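Record features (TrEMBL):
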- Cys69-Cys74: disulfide bond (DISULFID)
- Arg146, Thr148, Trp159, Ser206, His209, Arg241: FAD binding site (BINDING)
- Cys348-Cys351: disulfide bond (DISULFID)
- Cys348: active site, nucleophile (ACT_SITE)
- Cys351: active site (ACT_SITE)
Amino acid sequence: NRNPWGLMRSFREVTGSLDDCACDVETIDTFNNEQLFPKLQKLLESDYFRFYKVNLNKPCPFWKDNSLCGQKNCAVIPCTPYSAEANQECEKAEKLGAVNSSLSEETRQSLREWSKHDDEAERFCVIDDEESPDSQYVDLLLNPERFTGYKGPEAWQIWNSIYEENCFKPYTVKRPLNPMSAYSGNLPDLLPGQCVEKRAFFRLVSGLHSSINIHLSARFLLDDNWYEKKWGHNVSEFQQRFDAQLTNGEGPKRLRNLYFLYLIELRALAKILPVLQRPSFQLYTGQSVQDQQLKLQLIELLQVAKSFPLHFDETTLFAGNKEEAATLKEDFRLTFRNISRIMDCVGCFKCRLWGKLQTQGLGTVLKILFSERQIEALPKSSNSRPTFQLSRQELVSLLNAFGRISTSIRELENFRSLLSMVR
């Protein structure tokens, strides 16, 4: 049933300049795929950036979890054996969505040492659980973001809550509650009457949603038998989310919001360069030589990010009346904090892991962009307390969250190639 023409039309509509910024899609594609993506992937494979501390056991603060064991989207939720058939489905789901948190004792000791060197910093917007006794380090390379079978009403409730309760949009725009509805994607962007700040916030959420959908489509479970699982690109799955016809014209808008999110996160990487260039800033790995090599590798990546010719101008945000700007900025902070809490309602642990990481990463992006004065006021002396700091947890989430967006941009090129082959 696959019709590539609708998708090709969607890709043709995702060209040229982006709304709210002076950049074009083609420039981003070339810059990301040829210059930034390879360096970023190498950095994220290092021990410092591959381990993320997370509490996956926090209860949902908004509603009672009613997950059913016999469905694939139960993921790693403990199962009650309703029947032999249901129990088999649970075992499949656990293998599909289970989080592998196994670490060697040597690695555990290193992580305990790293935590001693975390900077203390005021979080911009994300409720983190680094100090919780239920938190554990997870190896992100052993837990790639991909399709887990988590979908349907439960997954829909998560996004519905994010959009309906947290997104800045006119009350007249409603998201359908029926996940089987023909219209089942991100809400329209560029809504009439929105100020640039509220429109930007909505586009960030929409871009994150689009990025996650691209990952699930690019690493889809294509075959599952007794001796192996085969993951790969599912063009039909991608089509359901981004085809212009199947989404009532919303697919291209979602992809453009992905590019908008890319520009915002790229700008934050460029802005944080002076902080990490300071001699007093160290990436503690327990080995001084490795510390210096990793820092140089990170700075090189940030210098590439800074070299991008058409950065987003964050000064356009909150640039009006000071009192109104302060109120709107606080709304941003509280709204995003609430989104981070919704991640504890995700029923699939692997999905929860990547949801929490990416929301914390985006929260760190906002913290950076809204702290320009503190960054500019960094003391020259290494003995003075810096006016702006990032903890290891924030830095790890920042780089990995951007790694997800960068990967999404790269995967769009792969889907274009696959579609051209179908033609």
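Backbone N, Cα and C atoms are what each Cβ position is placed from, and that goes for glycine too.
When the C-alpha distances from Cys348 (disulfide bond) to the binding-site residues Thr148, Trp159, His209 are tabulated, the minimum falls on Thr148. Packing around Cys348 (disulfide bond) is summarised by its Cβ count: 27 other Cβ atoms lie within 10 angstroms of its Cβ, all protein chains included.
Cα-Cα distance from Thr148 (FAD binding site) to Cys351 (disulfide bond): 8 Å (rounded to the nearest whole number). Taking the C-alpha positions, the distance from His209 (FAD binding site) to Cys351 (disulfide bond) comes to 12 Å.
For the FAD site, whose binding residues are given in the record as Arg146, Thr148, Trp159, Ser206, His209, Arg241, the maximum C-alpha distance rounds to 21 Å.
The distance from the Cα of Ser206 (FAD binding site) to the Cα of Cys351 (disulfide bond) comes to 17 Å. The highest number of surrounding Cβ atoms within 10 Å, among the binding-site residues Thr148, Ser206, is found at Ser206. Proximity note: of the listed binding-site residues (Arg146, Trp159, Arg241), Arg146 have a CA within 10 Å of the CA of Cys351 (disulfide bond), given in sequence order.
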